[in-house]
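> In case it's useful when we look at the structure, here is the feature table from TrEMBL:
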- 9-109: domain 'Glycerol-3-phosphate dehydrogenase NAD-dependent N-terminal' (DOMAIN)
- Lys59, Arg210, Asn211: substrate binding site (BINDING)
- Ala98, Arg210, Gln238: NAD(+) binding site (BINDING)
- 137-285: domain 'Glycerol-3-phosphate dehydrogenase NAD-dependent C-terminal' (DOMAIN)
- Lys148: active site, proton acceptor (ACT_SITE)
Amino acid sequence: MVDTPLCPLKVVTNLQEAVWDADIVVNGLPSTETREVFEELSKYWKERISVPVIISLAKGIEASLDPIPRIITPTQMISSAAGVPTENILYLGGPNIASEIYNKEYANARICGSTKWRKPLAKFLRQPHFIVWDNSDIVTHEVMGGLKNVYAIGAGMVAALTNESATSKSVYFAHCTSEMIFITHLLTEQPEKLAGPLLADTYVTLLKGRNAWYGQMLAKGELRLDMGDSIKGKGMIQGISAVGAFFELLSQPSLSVLHPEENKQVAPAELCPILKRLYRILIKRELPVGDILQALRDETMNDPRERIEMAQSHTFYRPSLLGKP
């Protein structure tokens, strides 16, 4: 942040001082650290008369497997950890790149949450170069914000391993978006409403996001998996933990779906070969990074269209994944 003009901001290093009487709190923490910090914040808010409004930027999820497999998002972590009502917590997501917003290049964002706060905050945040839309579906947008980081890592790998081959990258995009569409049909009854923001946010992340950069550096040998997921100068690579969470969640037998060709029940992860390979490369570390290309060249890999058609049959919706009855 050298040479960055910070006035009229006041920079503090004490957490209590930062949030004690704040009307709006912006959570810029990685999802892996959100719960712990907001448990600390709850101690400072016990004597407050009014509850702050919290805008979360975190991209990522936790997988809870007991008593039933379900996704826990950062806004849900904040609500349970800090005791803040869900209507006071919002999610702000892309499509955008932080450095481009900082340089005042054109950018979009979507703020999701209760009507009471999202519409006035969308207006408050909007700038000539920063267009902010609003949406009521906070949890699904949060989940998609974490999911696109998963596939962005693979996109970076493919780009580096194929010397930026346009065909390889486009084939990967077709396969990964078909898996994402399949997963959205597991999560919501009306996934079509997510198509625009999901694809736009995915596309910009694959082009220029830190997770795609991380995949490229792995494939080039400039980074190693044992260096961890916090990279100096880039911050937390949230796609790594998301790979583990999504795969472990979608591998649960209780979520099984009917395989359209083999006519037997399988865990949803078995119908997501790229997610499965990323898990074996990044989490289990039993395959080399270059093996991601086998997901594109495998003769048994179905046309992405077939997975989309299968998802659109609307037989896979699992409301329990988002904690719904």
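First residue shown is number 1, and so on along the chain.
Placement of Cβ uses the backbone N, Cα and C atoms for every residue, glycine included.
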> Where Lys59 (substrate binding site) and Gln238 (NAD(+) binding site) are concerned, what is their Cα separation in Å, rounded?
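About 7 Å separate the Cα atoms of these two residues.
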> List, in sequence order, those recorded positions among Ala98, Lys148, Gln238 whose Cα sits within 10 Å of the Cα of Asn211 (substrate binding site).
Lys148, Gln238
> For the substrate site (Lys59, Arg210, Asn211), what does the 8 A shell look like? I mean other same-chain residues with CB within 8 A of the CB centroid.
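Neighbours within 8 Å of the Cβ centroid, excluding Lys59, Arg210, Asn211: Asn149, Ala152, Thr205, Gly209, Tyr214, Ile237, Gln238, Gly239.
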> Calculate the per-residue pLDDT averaged over the domain 'Glycerol-3-phosphate dehydrogenase NAD-dependent N-terminal' (9-109) and state the result as an integer.
90
> Distance check, please: Cα of Gln238 (NAD(+) binding site) against Cα of Arg210 (substrate binding site), rounded to an integer number of angstrom.
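About 9 Å separate the Cα atoms of these two residues.
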> Within 8 Å of the Cβ centre of Ala98, Arg210, Gln238, which other residues of the chain have their Cβ, at the recorded NAD(+) site?
Lys59, Asn149, Gly209, Asn211, Lys234, Gly235, Met236, Ile237
> For the substrate binding residues given in the record (Lys59, Arg210, Asn211), what is the largest pairwise C-alpha separation in angstrom?
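About 12 Å separates the two most distant Cα atoms.
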> What does the structure give for the C-alpha distance between Lys148 (active site, proton acceptor) and Arg210 (substrate binding site)? Integer Å is fine.
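About 12 Å separates the two Cα atoms.
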> Need one number for the NAD(+)-binding residues Ala98, Arg210, Gln238: the maximum pairwise CA distance in Å, whole number please.
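Max Cα-Cα spread across the NAD(+) binders: 15 Å.
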> For Arg210 (substrate binding site) and Ala98 (NAD(+) binding site), what Cα-Cα distance in Å is obtained after rounding to a whole number?
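Per the Cα atoms, Arg210 (substrate binding site) and Ala98 (NAD(+) binding site) stand 10 Å apart.
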